[in-house]
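Accompanying notes for the structure given below.
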Amino acid sequence: MSRRVADAPLPNMMDWLKWERLKLQYRDTATLIMVKLSMLLAATLLINLGILDLQGRGHLGVALVGAITQNDRYNLMNFLFTNYKPEVRPTTAGEATYVYIGIYLLSIQNLDEKSQVLETSIIVDAEWFDDYLQWNASDYGGVDYFLYPQKKVWLPDIVIENSVESQRQFGYDENVVYIDSFGLVNWKPSQVIKTGCDIDVTYYPFDTQTCNIIISTWFSTKEDIDVDHESGSTGLLLDRYSVSGTWELISNEFKTLPPVRGRTRIQFQIKMRRRRTFYILNIVLPVLFLSFTASMVFLLPADAGEKIGMGITVLLAYAVYLTIIADNMPQTSLQVSYLAVYLTLLLGLTAMGVVLAVVVLHIHHKSDECRIGKRTQKVIRKLRTLLRINRRNAKCREKSEEESRPERRAPDTCDSHKKSVNAITPLNDKVTFSTPPPNEESQEEITWSKVAETVDRIMFFVTSFLIAGITLIFLPFLANGNT
């Protein structure tokens, strides 16, 4: 600085203050340069040692540009917040405040199918510029950012539009915001939210659900606050996402929705698929095993006494599983679960089986005094031949007769055997055998017990065919229909 400038007259007090500030600025320029060079060398050394990160910030969270003191921070707070009003929107040009929002999805807590509510844990990452919170960092010892309670700064009135809970401001009064010297305010409130979700239960439990998180302003219109998604992201931020044991996150995307009453709205869409292992082991496989036992009622002999009891047991088991599924389903008729339809059909077949079992028992215990018509006997004989019941029964009779013959038994002694043979041999010449005509052998006597046995066998094949057909139609369609 030249002597002429240093010795210039001071016209008044305001000019004198400006002059003193100018002299201090020139006088401390060299000192400030040396201090900054020293701090730069020290910061380089600390970075190499791993004590500081590449931004030159240490554990105190401030930039090592100059020697920062408590007075610097105190003066900065006074400068920024002496006349600051958090109720006033932070713009000096009268234009809209642009708020950029990103959402960190932390976890999918629960999806209540019955209430159609999705519960998620999120962090809302919101940024905007506050024209009233700007300063020159070199004027305050190099302080280029600080943290401040959120209740003492202006916050955008953004809410979850499709929340099923009462609308309220994000975060809590104890939360803080990040403010840098350019006026950039970064706000990251974390919250567990409950949003409505239209559940499609058609393919339960092999279903895929799509739910939305809609963020909008509460009262401010687009002329005041313009909400947009964070640049560089196409949906939810998954850096901190914890994998759910029930739902597999397939995809997510961002969409700008049309304004409603002038309020800007953005939507984050979540598409997720239910993990199937638990439901296969606890619902699908037990139901599949029960479906095989439903037809076994007709294999039980009528004299066993458990025919109706077994049918009712299977019927109650289907009713229990149908109740379990109904408890997890929303009370709506817009979609119907194919699994519930499958169980209802099996329930109907089992109920029909119980009724037929009663009919079979009634036929079986019918008195022989009530004669069977010739036409009915003819039909029963043909059915028994077709179902190979006669042949099975004949084999069983031949086997029992063969086992009961004397020559099949072990001889007591050789002498007794010879005597028996000698005694019987002369009689063989006198005995003549007559074989019945073929028609007489084929004419099996039909009794009411045989009619009941035939009906049992027919219903076994019919119900087995129906259950197998329903299972082969529904389960593959259920497993692959929503892919």
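Each Cβ is built from the backbone N, Cα and C atoms, and glycine gets one as well.
From a predicted model like this one, the values you see are computed outputs, not experimental measurements.
Residues annotated as transmembrane segment in TrEMBL: 30-51 (among others).
The feature domain 'Neurotransmitter-gated ion-channel ligand-binding' is assigned by TrEMBL to 75-275.
Marked as transmembrane segment by TrEMBL: 278-302 (among others).
Feature annotation from TrEMBL assigns domain 'Neurotransmitter-gated ion-channel transmembrane' to 283-418.
According to TrEMBL, the feature transmembrane segment maps to 308-326 (among others).
Among the features that TrEMBL reports, transmembrane segment is placed at 338-363 (among others).
Sequence annotations record features per position, and here TrEMBL assigns compositional bias 'Basic and acidic residues' to 395-418.
For 395-419, the entry in TrEMBL reads region 'Disordered'.
What TrEMBL lists as transmembrane segment is 458-479 (among others). Outside the transmembrane segment (458-479) by six or more residues, the chain places 203, 206, 284, 288, 291-292, 294-296, 298-299, 338-339, 341-342, 345-346, 349, 352-353, 356, 360, 383, 387 with a CB less than 8 A from a CB of the stretch.
Long-range contacts of the transmembrane segment (338-363) within the same chain, counting only residues at least 6 positions beyond its ends with a Cβ under 8 Å from a Cβ of the stretch, are 202-205, 283-284, 287, 290-291, 294-295, 297-298, 302, 307-308, 311-312, 314-315, 318-319, 321-322, 325-326, 329, 448, 451-452, 455-456, 459, 463, 466-467, 470-471, 474-475, 477-478, 481. Model confidence over the domain 'Neurotransmitter-gated ion-channel ligand-binding' (75-275) stands at 91, taken as the mean pLDDT rounded to a whole number.
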